[in-house]
């Protein structure tokens, strides 16, 4: 289905009952073709979604609440358009279910069908809420650098290396901003870049991250673009790119891409999330 058919950017009625057909998948292939990724992917990855506004009715009609974390593999053929995801979750608000496990089973089944691959989830009931914590991304903070910036569309030519030796380091910035390709709404994120290879020029990397400021692309696509541009410019032996975007409509999206053979990171919310 074309993106113009998605609920994003349109006025739509909020559903009054459960409806899995509300989920709107978007193929990853078109964006990846634009990055030259038409064969085996150069990374592993996961899109970590967090749902903060999840509610349903129990068998007696009493509201129940929970939070949930979903992990959609980057190898899946589809992403799920975020407004359709929100509408789908809201369709449970007036739906009676016998127990929380029934809801969990429906979520896993429906989201896996939309993504085209198994979706893992962590179902967080209120008794676990006080175990959740906030933790900022680790790494050397690039935002302290004094740089002059005049590029606000992705400029991979800003990327480069400063030496020939091999190092391992982790860098981070809170200055990633992109925009929804349909509505133009700003998407705010912190991004972490861990690599093994020649030293990446830090000032150039910060200016490159800032250059996304007027760019219109979905969260997942931005992270894959950053990964591919860094691989092309610096050819690190290992590279991991992880972004944590602020929430919208009760959902946040946190794409992670890596060729380091590591497991996906723990889902630790940042202060702005």
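Using N, Cα and C of the backbone, Cβ positions are placed for all residues, glycine too.
These figures come from a predicted structure and were not determined experimentally.
According to its DSSP assignment, residue 81 (substrate binding site) is coil. Within 10 Å of the Cβ of residue 81 (substrate binding site) there are 22 other Cβ atoms, across all protein chains. Under the heading substrate binding site, Swiss-Prot lists 80, 81, 82, 219, 220.
Sequence annotations record features per position, and here Swiss-Prot assigns NADPH binding site to 82, 83, 248, 249 based on sequence analysis. Neighbour list (residue 248 (NADPH binding site), Cβ cut-off 8 Å, at least 6 residues apart, same chain): 82, 185, 187.
What Swiss-Prot records for 180 is active site, thioimide intermediate. Mapped onto three states, the DSSP output places residue 180 (active site, thioimide intermediate) in coil. A sphere of 10 angstroms centred on the C-beta of residue 180 (active site, thioimide intermediate) encloses 18 other C-beta atoms.
Using a 10 Å Cβ-Cβ cutoff, residue 187 (active site, proton donor) registers 23 neighbours. Annotation comment: Swiss-Prot describes 187 as active site, proton donor, evidence class sequence analysis.
In the shown protein chains, 24 other C-beta atoms lie within 10 A of the C-beta of residue 220 (substrate binding site).
According to DSSP, residue 249 (NADPH binding site) sits in a coil region rather than a helix or strand. For residue 220 (substrate binding site), the nearest of the recorded positions 83, 180, 249 in terms of C-alpha separation is 180.
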